[in-house]
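What Swiss-Prot says about this protein:
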- His108: active site (ACT_SITE)
- Tyr25, Gly26, Ser27, Gln28, Ser51, Ser53, Asp83, Gln84, Thr85, Gln86, Gly134: NADP(+) binding site (BINDING)
- Asp191, Glu195: Mg(2+) 1 binding site (BINDING)
- Asp191, Glu227, Glu231: Mg(2+) 2 binding site (BINDING)
- Ser252: substrate binding site (BINDING)
- 1-182: domain 'KARI N-terminal Rossmann' (DOMAIN)
- 183-328: domain 'KARI C-terminal knotted' (DOMAIN)
Amino acid sequence: MATIYYDKDANLDLLKKRKVAIIGYGSQGHAHALNLRDSGVDVRVGLAAGSKSKAKAEGAGLRVLSVAEASKEADVIMVLIPDQTQKKVYDEEIAPHLSKGKALLFAHGFNIHFVQVRPPADVDVLLVAPKGPGHMVRRQYQDGRGIPGLVAVHQDATGQAKAVGLAYARGIGCTRAGVLETTFKEETETDLFGEQAVLCGGAAALVKNGFEVLVEAGYQPESAYFECLHELKLIVDLMYEGGLAWMRHSISDTAEYGDYTRGPRVVDGRSKDEMRKILKEIQGGHFAKEFILENQAGGPTMARYRAAEAAHPIEEVGKRLRDMMSWIREAKKDSSDPGSR
């Protein structure tokens, strides 16, 4: 069982004595910067030259510097830019300013675990990862609550790495809900597996296949969309609220019986075997190498997939149906910038 830390376990004063730099101002970056600022921490934001986020950050009352300037000034540096850009930014703008005793933080362990970023031995390296999107991290903080999170230490040069991580987690509100102790290896590998096999890859493939089966059988695309994609949120929300048992308690007996007797025929032992293969590819670094090489080549495979998926009939049908749903338009407006990639 994981060790869980709360407000009482975290000394925010430890962070208030230091200067913090948030590198990036996207979904997580804006939430971290604003929550830390409101917790009384000395925060600055580091952005690339010409970043569109500069005006947003300054409009929120934050001090904006270049990544290099922010890294030079700060004692604690949180890297919140995309995985594929971290190595270059780190090598060119952060590493030259990592003097002894500083702390380097990440919200995802990819580049540390797969040795793309190689910090010097005399700095602390740790992970603080809220388990929710940035707008929720911010909203919960403002409401006096918090999002559960993860904390991990990769390198403890000062003897205070975990304490700094817990202080940071408290500053953004996570220790209000609880912060689970983990490792860079566990966070990285389970996060990638969840994305690929279940949350993104698995769910998207299941939805698309279900849609295609119904349309190929002669049913209207609109009906197929409702049954295989739109209503998925209803089921996921129930699982989110109370697990599989609550979902099954909340649906009809017909749906529950079909769940038990037909679900394992769709996602069966063969699917589980493929999941194991995917996990091994992650553990062995094969996926990381593939993704790194893809980005070094300019992302041609990703571009082909994006174009092909955008042209799938489910997208056109979905757009027409979502235009009928005013609450979806309102939700998208509420969760827009700064929540972009």
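Backbone N, Cα and C define each Cβ position, glycine as well.
Because the structure is a prediction, the values reported are computed rather than measured.
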Candidates Ser27, Ser51, Ser252: member of the binding-site residues with the richest Cβ shell (10 Å): Ser27
Cβ-Cβ distance under 8 Å to His108 (active site), same chain, at least six residues away: Asp83, Leu127, Ala129, Glu187, Thr188, Asp191
Rounded distance in angstrom between the Cα atoms of Ser252 (substrate binding site) and Glu231 (Mg(2+) 2 binding site): 14
The domain 'KARI C-terminal knotted' (183-328), counted residue by residue under DSSP: helix, strand, coil: 125 helix, 0 strand, 21 coil
Per-residue Cβ crowding (10 Å cut-off), top of binding-site residues Asp83, Thr85: Asp83
Pairwise CA distance, Thr85 (NADP(+) binding site) versus Glu195 (Mg(2+) 1 binding site), rounded so that it is a whole Å: 19
Overall pLDDT of the domain 'KARI N-terminal Rossmann' (1-182), taken as the mean: 97
Surrounding CB atoms that lie within 10 Å of the CB of Gly134 (NADP(+) binding site), all protein chains: 25
Nearest of the binding-site residues (Glu195, Glu227, Glu231) to Gly134 (NADP(+) binding site) - Cα to Cα: Glu195
Cβ neighbours of Tyr25 (NADP(+) binding site) where a neighbour is any other Cβ within 10 Å: 30
Residue among binding-site residues Asp191, Glu227 with least C-beta crowding, 10 angstrom cut-off: Glu227
Inter-residue Cα distance where the pair is Glu227 (Mg(2+) 2 binding site) and Ser27 (NADP(+) binding site), in Å: 31
C-alpha spacing of Glu195 (Mg(2+) 1 binding site) relative to Glu227 (Mg(2+) 2 binding site), in angstrom: 23
Extent of the NADP(+) binding site in Å [max Cα distance among Tyr25, Gly26, Ser27, Gln28, Ser51, Ser53, Asp83, Gln84, Thr85, Gln86, Gly134]: 19
Lowest local Cβ density (other Cβ within 10 Å) among binding-site residues: Glu195, Glu231: Glu231
